[in-house]
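S.K.: Reproduced below are the annotations present in TrEMBL:
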- Asp14: active site, proton acceptor (ACT_SITE)
- His42: active site, proton donor (ACT_SITE)
- Lys142: active site (ACT_SITE)
- Asp14, Gly41: Mg(2+) binding site (BINDING)
- Asp14, Glu15, Gly16, Lys17, Asn39, Ala40, Gly41, His42, Thr131, Arg145, Gln226, Thr241, Arg305: IMP binding site (BINDING)
- Ser301, Val302, Thr303, Gly304, Arg305, Ala306, Arg307: substrate binding site (BINDING)
Amino acid sequence: MAKNVVVIGSQWGDEGKGKIVDWLAEECSGVVRFQGGHNAGHTLVVGGKKTILRLIPSGILHENLDCFIGSGVVVSPEALLAEIDELNAAGVKNVEGRLKIAPTCPLILPYHIALDKAREASKGDKKIGTTGRGIGPAYEDKVARRAIRAVDLFDTEKIAEKIKANVALYNVQLEHLHGAEPIRYEDIMETINGFKDRILPMIHDVSRTLYEKGQKGERLLFEGAQGTLLDIDYGTYPYVTSSNCSAGAAAPGAGVPPHMLHYVLGIVKAYTTRVGSGPFPTELFDEIGAGLAERGNEFGSVTGRARRCGWFDAAALKRSIQVNGISGMCITKLDVMDGIEEIKICTGYEFDGKQVDILPCGADAVAKCVPVYETMPGWKESTFGIKTYGQLPQNAKNYLKRIEEICGAPIAIISTGPERDETILVQHPFAD
Ligand code: GDP
Ligand code: IMO
Ligand code: MG
């Protein structure tokens, strides 16, 4: 039986999911995004050429591959069209023809973005540090059953009614709670009329096509965004995103039955980063942290914000392995650890006078966690671009082995550089 693979972020996002999805996409017949929105920034580097994808699945550079946006994704049509235009300009073929959007996707409209920004501004130093893309308000509308969905674009009269009600509601919040500028119904309708004709042909019964591909034995790749520690339920709430970013979300988010999710590949950075506010037990404020940020080029691909850096947190990864049922790990950015004399791994925490070996859920509990470290010797040699396991320095192998031991999951792939082929294959996730 063909194996479908779910790729998820195992930490606080930006683990290198895009690079690995692009690499794995070679072997499959479709790539599906199942949650998040254009808060994601997935970087692909092929032949020295960098592509940053926000909403479009990271399989799009493979010429004949179909790419799907499932119902769990909140879609900004304006951001999507801008991204398509960028890919067209870069010479990627037939993007619009290969991209299929589920009719049930909730749309992100300008009032979501206005409210996201106004709320963050009102919160001052308690702000979440969102990407300001309207993600939270769009998911709120979905759950409150007032979202405008992709399918609604077929009936502009009905949309007009819904938009009127939504504008009234949003203006109460914008003006009276946040002292922000109100939004105008006419402007929203103009925006919708501006993108409608290009979006309509891409609307497609994604759930049905994925099911049929499954029946035919074709391989599918499910692409997660963000990371498990940003998951709305199991992350550092409220400093999280507004969707479930864990593997199970791939089923409802793509519209496939859970038995179609065969293998969960957890993407794991060889150290830890976080962008935005919220507790981060292993965060480094010294020159080692600054070195990771510099060598790892740790600046957000969406907002350009500097990412906070810290030691590898095996106790946080344990939570991620349990929540996702990670079948295999892909360790990325191993090369960024080159040249560190002594490496620390967090194996647990002191928490309320007790020792715990797994990250608790929720920001208040995580803020109380004081990391307990074990120390290992680092390596001086460069691992950058290494493509076979045997060529890795012994201390790098020891580091990887120790991560496997503490976390209790096997390593399937190791990434040693941003390029597609700067990758070491240990056990192929698609192999039977
Ligand atoms: P994503 O959101 O999980 O797809 O990750 P991002 O693309 O936001 O961030 C990962 C960054 O690290 C990108 O700039 C990648 O090009 C880069 N990258 C990915 N894998 C590696 C690696 O193994 N080594 C190095 N040095 N960079 C990598
Ligand atoms: P990828 O897919 C890293 C963070 C934001 C903020 C919090 C909530 O590239 O890994 P939101 O705009 O979602 O309401 O912001 O989540 N965040 C990410 N951090 N990588 C991402 O995506 C992120 N998407 C959202 O910085 O802290
Ligand atoms: Mg990213």
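Cβ from N, Cα, C; glycine included.
Given the structure is predicted, the values throughout are model-derived calculations rather than measurements.
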S.K.: Sorry to bug you, but what's the C-alpha spacing from Thr131 (IMP binding site) to Thr303 (substrate binding site), rounded to the closest Å?
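M.R.: Just about 7 Å between their Cα atoms.
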S.K.: So which of the binding-site residues Arg305, Ala306, Arg307 sit close to ligand 2, that is, with a CB under 6 Å from an atom of it?
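M.R.: Passing the 6 Å Cβ check against ligand 2: none.
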S.K.: With Cβ-Cβ distance below 8 Å and at least 6 positions apart along the chain, what are the contacts of Arg305 (IMP binding site)? List them in sequence order.
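M.R.: Result: Gly129, Val275, Gly276, Phe299.
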S.K.: With an 8 Å cut-off on Cβ-Cβ distance and a minimum sequence separation of at least 6, pull the same-chain contacts of His42 (active site, proton donor), or say none.
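M.R.: Those within reach of His42 (active site, proton donor), by Cβ under 8 Å and sequence separation of 6 or more, are Lys17, Gly18, Lys19, Val21, Ile52, Leu53, Arg54, Ser58, Glu223, Ala225, Ser301.
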S.K.: Which recorded positions from the list Asp14, Gly16, His42, Gln226, Ser301 come close to ligand 1, meaning a Cβ under 6 Å from one of its atoms?
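M.R.: Cβ < 6 Å from ligand 1, in sequence order: Asp14, Gly16, His42, Ser301.
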S.K.: Select the closest residue to Asn39 (IMP binding site) from the following recorded positions, measuring between CA atoms: Asp14, Val302, Arg307.
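M.R.: So, spelling it out, the nearest of the recorded positions is Val302.
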S.K.: Near the residue listed as 'active site, proton acceptor' in space, meaning Cα within 10 angstroms, which of the recorded positions do we find among Gly41, Thr131, Lys142, Gln226, Ala306?
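M.R.: Hits: Gly41, Gln226.
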S.K.: May I ask which of the recorded positions Asp14, Asn39, Ser301, Ala306 have a CB within less than 6 Å of any atom of ligand 3, listed in sequence order?
M.R.: Asp14, Ser301
S.K.: In Å, rounded, how far does the Cα of Val302 (substrate binding site) sit from the Cα of Gly41 (Mg(2+) binding site)?
M.R.: 5
S.K.: Given a separation of at least six residues and a C-beta threshold under 8 Å, show me what packs close to Ala306 (substrate binding site) in the same chain.
M.R.: Val275, Ala293, Glu298, Phe299, Gly300
S.K.: Through the lens of DSSP with three states only, how would you label Gly41 (Mg(2+) binding site)?
M.R.: coil
